[in-house]
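Written out below as structure tokens is the structure these notes cover.
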Amino acid sequence: MTGFTPENQSVPSPAPATKHGDSTKRVPELGPQAKPKRNKYAFACAILASMTSILLGYDIGVMSGAMIYIKRDLKISDLQIGILAGILNIYSLLGSCAAGRTSDWIGRRYTIVLAGAIFFAGALLMGFAPNYAFLMFGRFVAGIGVGYALMIAPVYTAEVSPASSRGFLTSFPEVFINAGIMLGYVSNLAFSKFPLKLGWRFMLGIGAIPSVILAIGVLAMPESPRWLVMQGRLGEAKRVLDKTSDSPAEASLRLEDIKEAAGIPADCHDDVVQVSRRNSHGEGVWKELLLRPTPAVRRVMIAAIGIHFFQQASGIDAVVLFSPRIFKTAGLETDHEQLLATVAVGVVKTSFILVATFLLDRVGRRPLLLTSVGGMVLSLAVLGTSLTVINQSDKKVMWAVVLSIATVMTYVATFSIGAGPITWVYSSEIFPLRLRSQGSSMGVVVNRVTSGVISMTFLPMSKGMTTGGAFYLFGGIATVAWVFFYTFLPETQGRMLEDMDELFSGFRWRDSKNKNSSSNPEVEIGLNKQ
């Protein structure tokens with residue numbers, strides 16, 4: 001089912017056509033010694049594009065500590081704090097919804113610039129906010145920038161990456177989200193000793209700095225080769241593919257597949273060709289996605305929406321955003337102790353996401369995802385139990401305190417090893433070319449709505465059913481997620497982006513139990529792809 005395609009081979013070997021006649025060709029898999037080195041140019045492009053994700057990460061991380069001081073300074077309620085923390089996710093919907101169409105019109109690269117510029121303005125507004133209403137307006141502006149960034153970074157990275165390292169490179173947005181969270185936690189600790197009215201404003205306002213660096217760095221990036229083909233700019237696309245592929249043969253094969261997906265004849269070799277408005281600017285995409293999807297597209301949509309929903313519904317943003325509150329419940333009394341423990345969460349989360357980047361293209365998406373979610377279920381169950389023991393006890397139960405802190409760490413570690421990065425990798429690579437921008441933006445919308453709901457309801461939920469009860473609920477949701485992933489998501493490791501339609505058309509959950517399906521020495525590549 002998931003054998004290697006020519007995109008992850010450095011020197012493809014010709015093979016005769018097989019039983020599928022002219023519609024299929026087979027390419028023998030090369031041995032491990034022929035595995036290509038990482039493409040440094042594609043690596044650099046992925047790093048620059050993924051830096052947009054720092055914007056969201058920093059905001060999540062810094063708000064976890066800043067809300068302690070915002071509440072004291074502005075004298076607002078827990079409900080207002082919950083809304084302030086979670087509303088950015090709802091505001092980001094506007095950016096995510098607009099980003100698909102925007103990136104089809106002006107290109108992936110300039111959409112990244114736009115995301116950075118909007119967030120820059122939002123960070124400054126939050127930093128200079130004199131009151132709660134102005135702060136909410138700053139969150140609105142920053143949220144739009146975050147929405148743009150969340151959608152465009154994984155799409156650009158998937159489109160520029162060779163299949164041999166697509167999992168590794170497409171996990172970079174999640175790496176930078178975690179780096180941003182870590183920076184936010186450190187910022188909280190650094191500015192926590194400042195005067196009350198200055199400290200939280202510095203925490204929020206300094207977030208403008210990454211967006212400036214991003215705007216400068218993007219000048220060194222090429223445009224996405226798939227977007228260039230959609231605009232009929234074949235010559236430019238070929239030059240980008242030559243730089244980002246593992247071999248000239250692979251570059252030619254990728255160009256051939258992208259042309260076919262864009263409806264351009266294979267024998268067309270002009271540098272610039274005319275492409276219909278429907279293809280070049282995404283006309284009719286929403287109808288094709290929502291109203292008249294093919295069975296394969298419908299399955300892709302369910303997979304993308306499902307993986308984004310379950311990533312957030314299992315409570316990760318509640319842990320990351322409210323970790324000081326959780327540690328306070330667990331028995332850490334001072335601000336400094338809570339913020340220090342929160343920094344430890346950031347260190348663990350960032351460390352394990354780095355491990356995950358190296359495993360994605362070796363272990364595969366499915367095994368890593370299922371192992372990750374299984375670990376999350378266990379961690380949430382133990383965390384819920386230990387917090388319940390603390391809540392029920394009249395005196396400090398040291399073993400429960402230690403266990404609570406430890407299981408917060410294991411939860412973020414198991415999340416970061418799979419569910420965190422794979423959500424973005426998987427959803428960015430499964431949509432057909434014409435539907436990729438809008439399809440990915442729909443996944444981001446679901447992700448942000450779910451995150452916003454969890455963030456805004458966590459504090460009331462903790463009061464209504466206790467903090468331990470809230471984590472039991474998250475554990476139940478994570479259990480359902482494991483079943484969904486096991487039965488519904490095929491392995492995509494090593495598959496060409498243009499080959500996903502065939503993969504989703506034919507996948508049955510029982511196929512996942514066939515170990516040979518992902519290691520077949522020969523791979524079929526359909527030539528009549530969507």
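Using the three backbone atoms N, Cα and C, a Cβ is placed for every residue, glycine included.
Please treat TrEMBL annotations as automatic predictions, because they have not gone through curation.
Annotated compositional bias 'Polar residues' per TrEMBL: 1-12, in sequence order.
Per TrEMBL, the feature region 'Disordered' maps to 1-33.
The compositional bias 'Basic and acidic residues' annotation in TrEMBL covers 19-28.
Sequence annotations record features per position, and here TrEMBL assigns transmembrane segment to 41-69 (among others). Residues 81, 84-85, 88, 92, 108, 112, 115-116, 119, 142, 145-146, 148-150, 152-153, 156-157, 160-162, 165, 169-170, 172-185, 187-189, 192, 196, 199-200, 203-204, 207, 210-211, 213-214, 217-218, 220-222, 243-244, 317, 320-324, 335, 339, 342, 346 of the same chain lie 6+ residues outside the transmembrane segment (41-69) yet bring a C-beta within less than 8 angstroms of a C-beta in it.
Residues or ranges marked as domain 'Major facilitator superfamily (MFS) profile' by TrEMBL: 45-493.
Same-chain residues lying 6 or more positions outside the transmembrane segment (81-100) and placing a CB less than 8 Å from one of its CB atoms are 56, 59, 63, 67, 70-71, 111, 115, 118, 132, 135-136, 139-140, 142-152, 282, 285, 317, 321-322, 437-441, 444-445, 448-449, 451-460. What TrEMBL lists as transmembrane segment is 81-100 (among others).
Summarising the annotation, TrEMBL assigns transmembrane segment to 112-130 (among others).
The transmembrane segment annotation in TrEMBL covers 136-156 (among others). Only residues 6 or more beyond the boundaries of the transmembrane segment (136-156), in the same chain, are considered here, and those with a CB under 8 A from a CB of the stretch are 45, 49-50, 52-53, 55-56, 59, 84, 87-100, 102-103, 108-109, 111-112, 114-127, 129, 170, 172-173, 176, 204, 207, 211, 224, 424-425, 427-428, 436-437, 440-441, 444, 447-448.
What TrEMBL records for 168-186 (among others) is transmembrane segment.
Residues or ranges marked as transmembrane segment by TrEMBL: 198-221 (among others).
Packing against the transmembrane segment (339-360) from elsewhere in the chain are residues 61, 64-65, 167-168, 171-172, 174-175, 178-179, 181-182, 184-186, 188-189, 192, 319-320, 323-324, 327, 332, 368, 405, 408-409, 412-418, 420-422, 425, 493: each is 6 or more residues past its ends and has a CB under 8 Å from a CB in it. Positions annotated as transmembrane segment by TrEMBL: 339-360 (among others).
The transmembrane segment annotation in TrEMBL covers 367-391 (among others). Long-range contacts of the transmembrane segment (367-391) within its own chain (CB-CB distance under 8 A, at least 6 residues past either end) are made by residues 310, 314-315, 326, 329-331, 356, 359-360, 397, 400-401, 403-404, 407-408, 410-411, 413-415, 417-420, 422, 426, 466-472, 474-475, 478-479, 481-482, 485-486, 489.
As annotated by TrEMBL, transmembrane segment applies to 397-427 (among others).
The list of residues near the transmembrane segment (471-489) in space but at least 6 beyond its ends in sequence, with Cβ under 8 angstroms from a Cβ of it, reads 299, 302-303, 306-307, 310, 313-315, 318, 365-366, 369-370, 373-374, 376-377, 380-381, 383-384, 387, 419, 426, 461, 465, 509, 512. TrEMBL lists 471-489 (among others) with the feature transmembrane segment.
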Rounded mean pLDDT for the residues that make up the domain 'Major facilitator superfamily (MFS) profile' (45-493): 86
Remote residues contacting the transmembrane segment (112-130) - C-beta distance under 8 A, at least 6 residues beyond either end: 49, 52, 55, 95, 99, 102, 106, 137-146, 148-149, 152-153, 156, 201-202, 204-208, 211-212, 214-215, 218, 221
